[in-house]
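I have placed the structure first, in the form of structure tokens, so that the comments after it can refer back to it.
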Amino acid sequence: MGELQAVPWALIAPLLLIQLILMVVALIDLSRIHATNGPKWLWAIIIIIGNLLGSIVYFIIGRKQS
Amino acid sequence: MSQFNVLMGKELRESWRSFKILWIPLVFILLGVSDPILNYYLMDILKAVGEMPEGFQMVMPELSPADILAASTGQFQSIGLIVLIATFVGTISRERQNGTATLLYVRPISHMALFLSKWLVACLVAVISVIAGYAASLYYTVLLYGPVQWDQFIGMLATYLLWICLIMAVTVAMSAAFKTVIAATLTIIMVIGGTIFESLIGSFLSISPWKLPSSALSLLSDYYDRTNFILNLSLSTGLLIFFIVLGIFMCQRNASTTEI
Amino acid sequence: MTLISVSDLTKTFGNQTVVDHISFSIESNTSTALIGPNGAGKTTTLSMLTGLLSQTSGSIKMDGVKDMRSVIGFLPQYPKFFSWLSALEYTEMAAKLSGVEAKQARLQSQKILEYVGLGSALHKKTETFSGGMKQRLGIAQALVHKPKLLLLDEPVSALDPVGRREIMNLLKEIQNETTILYSTHILNDAEEMTDQLLFLRGGKLVEKGSLNEVRARFEEPRIKIKFSSQEQALQFASQAELHCNVEGETVFVEIDHDQPTMQQLLNRLANSNFSIESIEKVTANLEEIFMKVVGSHESV
């Protein structure tokens, strides 16, 4: 337990928060977009599990652009 | 001029509604904060992750604020550039390929206004992202490693922003000249390939198109060599103008390749 | 008044000639149908008129107009819109790009969208539109800047029968106010709405004129005689010494324009014991004329 307390949460927290915001932005976009390349549920999983990279990959290749 | 405003409005709307102007800065902020934090806590993290062998001692180099900003720049130069290039390399070619450009091109539009609106909005997103990324990096750097001189930081930032606008000019010009896949390949080879080439044998060259990021970093510390700074700055400015002119020309030339 | 004149318009890609020295002119406030099978060069011709493609040789002239793009409205066969814009935003942008002043662009956009029946979908994103709605939006964006010439590429081919009917009615309404040039491979549509026909085949303009002119030129009048039984029909055909086609109880007799043949036929029928149900003269529809026009150049 001592190790957990040793983690400098005050410094790490903003990092986690920004990741969370990015994930939420990706999920909001996913819910509003008309069509994606591939099934939507798959992208939802990629965004949630894939963290930073998942969101980036969704925005670059997941969105169907026209 | 009014036509340029209309096209500019269209591009801004697009980058807002596709969240480009939000998610790319967030990615740069994450890239910016990761190095100052990871480096500072590297020892603690290593200890927490695994048992160190008895008597194992790691000598951590003493890192200066300039070193940390250089590390963040390295992040922008790899993941950051790839994200920006991948996002904007289809900006003109994709519209031609999916046919949305057709209904624009049959109107009396100027290809200069078209190219400039595309490039400027790409620059806007890139510039906001880079500033956000460096601001985040700077915040943690000052907190954990010590102060950075303001004038030096601004000089570095301004120089790097010129670099990022050059990259966007190359990206959008390639998009004007080729189909998306070819444009992406060529831009990645030119930018990322060139950056790797520069890091390998750059020290033997006094000027090269890929020297601008290191030129920018040289402004942060008195130890770096700054002799060819102006020369590299001029070379990049020249290239920037060249790619804009090339892009406008290619827009015009390839208008007829739009899918009808 | 002649709105646009095209002379010797030619387009080659490599060594393939897609449009081959075609010449025609279009009068103001008329509608012209560009007819031809797939690959005849219809879309290429329209692309040159819009300025998207530049011609290999020949000229396109419009009196007193420098940049033709500013007086043309174009609807491609499959119009593609920016999915993230609403119908109103899109039409407004289109109007402004064609030089309509901002306030006016908003007004004209609303008006034209109401007119094409998208009044209830002004603020809907175009990505949610059905095929028929997209075609309506396509017509709206082509009309919003009040063009002198409306170019439509296969305006109804991609639609289902209901959508096709609706768009045809809309076009017939528009026809009264502007000049239309449209391409089609569906001849019924052309028959419905046209002042001038242009038949295109293999890149060549093989026939042109009004529907009546073309019809008169290709008319081979036939007499359709219906007998009471098939035996009678066959018997008549074998004795007639005329060009006959038998279809069940019906015989189609090809006759020349000169009256004697017609007279002979009637005399023969009057003096025989055939029991006849009906006799009528058949005029060719556009489909048959089309097959003849296309067929007569098959050997070329």
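Including glycine, each Cβ sits where the backbone N, Cα and C put it.
Those TrEMBL annotations? Automatic predictions, nothing curated.
Within the same chain, residues 15, 60, 63, 68, 71-72, 74-76, 79-80, 83-84, 87, 124-126, 128-130, 132-137, 139-141, 143-145 sit at least 6 positions outside the transmembrane segment (B:21-42) and bring their C-beta atoms closer than 8 Å to a C-beta of that stretch. Taken from TrEMBL, the feature transmembrane segment covers B:21-42 (among others).
Among the features that TrEMBL reports, transmembrane segment is placed at B:68-92 (among others).
According to TrEMBL, the transmembrane segment annotation covers B:113-141 (among others). Counting only same-chain residues 6+ beyond the ends of the transmembrane segment (B:113-141), those with a CB under 8 A from a CB of the stretch are 3-4, 7-8, 10-12, 14-15, 20-21, 24-29, 31-33, 35-37, 40, 65, 68-69, 72, 75-76, 80, 84, 87-88, 91-92, 104, 148, 153, 157, 160-161, 164-165, 167-169, 171-173, 175-176, 244, 247-248, 251.
What TrEMBL records for B:153-174 (among others) is transmembrane segment. With a threshold of 8 Å between CB atoms, the same-chain residues lying at least 6 positions outside the transmembrane segment (B:153-174) that come near it are 69, 73, 76, 81, 84-85, 88-89, 91-92, 115, 118-119, 122-123, 126-127, 130-131, 134, 138, 182-184, 186-187, 190-191, 212-213, 215-217, 219-220, 233, 236-237, 239-240, 243-244, 246-247, 250.
Positions annotated as transmembrane segment by TrEMBL: B:181-209 (among others).
Residues or ranges marked as transmembrane segment by TrEMBL: B:229-251 (among others). Residues 92, 111-112, 114-116, 119, 159, 162-163, 165-166, 169-170, 172-173, 176-177, 206-209, 211-212, 215, 218-219 of the same chain lie 6 or more positions beyond the ends of the transmembrane segment (B:229-251) yet place their CB under 8 Å from a CB of it.
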